[in-house]
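Let me begin by presenting the structure, written as C-alpha cells, before commenting on it.
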Amino acid sequence: LLLRWRRRRRLWKKVKEARRRQERGLVQMETAVHRFREQHPSVSMVSILSLPLPELSKKLRDGSLPPEHVFYAYVGKALQIAIETNCITEYLQESETQVRKAKLTEKLGLLYGVPVSIKDSIDCEGHDSTLGFIKNVNKPAAEDSVVVQVLRRQGAIPFVKTNVPQSLISYDCKNLIFGQTFNPLLYTRSPGGSSGGEGALVGGGGSILGFGTDVGGSLRFPAAFCGICALKPTGNRLRYREPPAMNVLFWSLPVVAAVGPMAKDVESLALCMRALLCEDMFDLDSTVPPLPLNEEVYASTQPLRIGYYETDFFTMPSPAMRRAIRETKQMLEDAGHTLVPFELTNVDYMMFNFCVRGMFADGGASFLKKFKGELEKSSMGVFFWLAKSPGWLKTLLSWIAKPFHLLMPFIGFVSIFSTVDEVWSLHHEIEEFCYQFIAQWKKLNLDVMLCPMLGPALSIGYPGKLSVAVSYTMLYNVLDFPVGVVPVTVVTDEDEEELKGYKGYFQDWWDRTLAKAFRGSAGLPVAVQCVALPWQEELCLRLMKEVEAL
C-alpha cells in the first residue's frame, strides 16, 4: 500500500508539472500578444483573422502582410479559444524566434509565415507527445516528425500543440493530464476526437491550419463536430514518425492510420497538400511515393459519377445525417453530376472482426501494457476487466455473448487469436474485403463516393459509451481510402422532432443511448464524407470542393 501510494504521488506530481507548463504557456502567449499590441496598436487583428488561407498565404509571400502581424493575431485568438475550450496543451515558444527569422528567408515556401497547430501525438522537437499518458510527461521528442519538418521547410510556423484523449482510441477529447476539451460551438458538446484539440482550435478560429491523425475517424469526427473541413489521405501519402509510445499500442494493426490537415475550407486543404507533397517529403521519408498533387484532376470541371448511400445498416443515421445526404445528392444532380446508389453489406462483420479483433489480436495485451501504472483507464473499464480475465472466462463470455447483439462488441475483446495462422487469415480476409469493395466500385464505374458522417456533435461523455458508432468512419481506415469531411447543413427543429421516433436498427442500449446523445442539437453543423480510391486525394478534394460550393 505504501509503494502504491508513493507511485500515485509521483504520477500526480508529473500531472501538476504538465499543468503548470500548460498554464505557463498561456501566460507566455498573453505576454507576447500584449507586447505586440503595445508596439503595433494600428494592426487590425480582425481583418487578418478573416482572411482565408490561400489569400493570407498570397499576402505573406508578396510582402503585403508581415509574418509577425499574422503570427500574433493567431496567438491572441488561440489564447482566447484555449481559455474557452481547454484545447491547447503546450505553447511552442521557439515559434517567436522562427517568426523573427522568417524575414531573412530567401526561398519562400507555399506556407511561408503561416502559423499552424499540431496534435499532441505528432512529435515536435523538445516537446512531449503524451498521448494522454502520464508516463510520457517530461519525455520531449528528440526531433520533429517528418510532416513537421516539411511544414517548417515550407515556411509554416508550428506554434501550439493540442489536446487528445488518453491512448487516442476515443472520439472524445479528455485525459487526466490536461482534462476535458470543449466544443467551441456549444460547450456542453464534445469537440470529437482523437484530434479534438485541433478541431476545437481550428473550429473556434484560433488556428488557420491544423494537423491531426486518423485511425478510425480521429480527423473526421472533430471536423464534423466543430463545423470545419478535414482530409484523411491514403495511409502512406503523407507520413509522420510515430512517437515511441504509439509503436506498441497495438499488437496487430490492420486498420491503417493516417496524418492529415484540418481547415475552415477545402481550398486551404488543397493548398496544404500542394505544399506537403513536395521533394522534401519524398527525401525525408523514402516510403512515401513521389506523387505531387495532380492539379489537372483537382481543377477539372468534368461531371463526376458519384456513388452514394444514406446508411450503413449498422448505425442508424440521425434525421439530420440522412437529410444532409439527400440534399447534397439533389444539389449534385442539379449541377450535372450522376449519382448512383451504392449498397454496403457486412458492416457489422467488418466492425467486430476486422477492427475490434484485428486491433486487439493478442487479447489486448499490448494495449493493456500502455496503461500499466496509469491513474486513469479512459472510458474502457469493462474492456480492461475482460482483457485481464483468465482465458477460460474469456472463452465462456465469448460463447455466452454470441446470441446477444448487445454484447457483440465485446466478442472481439474476449476472443484471442491464439495462432499466427489466424492472424494471417484475418489479414487475408481484410484484403478480400477491399478487393470486393473496389470491384463493386468499378462495376458501377464510379469516380468518387458521397456518404454520411456521424453528427451532430454528441454531448460530452457520450462518445465513450458509443464506440460502436464509428462504423461510418472506420470503414475507410480498413479500406485505406482517402476521405474528407465537409459541413453541409445544420440541425433544424424538424430534425429534432423527427429524432423523437429514432429507434435504431437493433433497438438496443446503444441505439437508445445514441438517440439521447443527439438530442438538443438545433443549430449544430452536420457534415458528409467524400471518398475516393487509394492515392486519389485530388479526386476526393475535387468532390469536396463541389459539395462546398453547392
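A Cβ is built for glycine as well, from the same backbone N, Cα and C atoms used for every other residue.
Here is what TrEMBL records for this protein:
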type     : residues                                       : note
ACT_SITE : LYS119                                         : active site, charge relay system
ACT_SITE : SER194                                         : active site, charge relay system
ACT_SITE : SER218                                         : active site, acyl-ester intermediate
BINDING  : LEU168, SER194, VAL215, GLY216, GLY217, SER218 : substrate binding site
DOMAIN   : 73-541                                         : domain 'Amidase'
Roughly where does the domain 'Amidase' (73-541) sit in mean pLDDT, to the nearest integer?
90
Pairwise Cα distance for GLY216 (substrate binding site)/SER194 (active site, charge relay system) [Å, integer]:
9
Cα-Cα distance linking SER194 (active site, charge relay system) and LEU168 (substrate binding site), given in Å to the nearest integer:
5
Out of VAL215, GLY217, SER218, point to the one nearest SER194 (active site, charge relay system) in space (Cα versus Cα); all of them are recorded positions in the record.
SER218
For GLY217 (substrate binding site), which residues in the same chain are close in space, meaning a Cβ under 8 Å from its Cβ, but six or more apart along the sequence?
TYR171, LEU454, VAL470, TYR472, THR473, MET474, ASN477
Neighbours of LEU168, SER194, VAL215, GLY216, GLY217, SER218 excl. site residues, C-beta within 8 Å of centre, substrate:
ILE169, SER170, TYR171, GLY193, SER195, THR213, ASP214, LEU219, PHE221, ALA257
Which whole-number value in Å describes the distance between the Cα atoms of LYS119 (active site, charge relay system) and VAL215 (substrate binding site)?
14
For a quick check of understanding: among the binding-site residues LEU168, VAL215, which residue's Cβ has the most other Cβ atoms within 10 Å?
LEU168
Can you tell which of LYS119, SER194, GLY216, SER218 has the least company, meaning the fewest other C-beta atoms within 10 angstroms of its C-beta, among these recorded positions?
GLY216
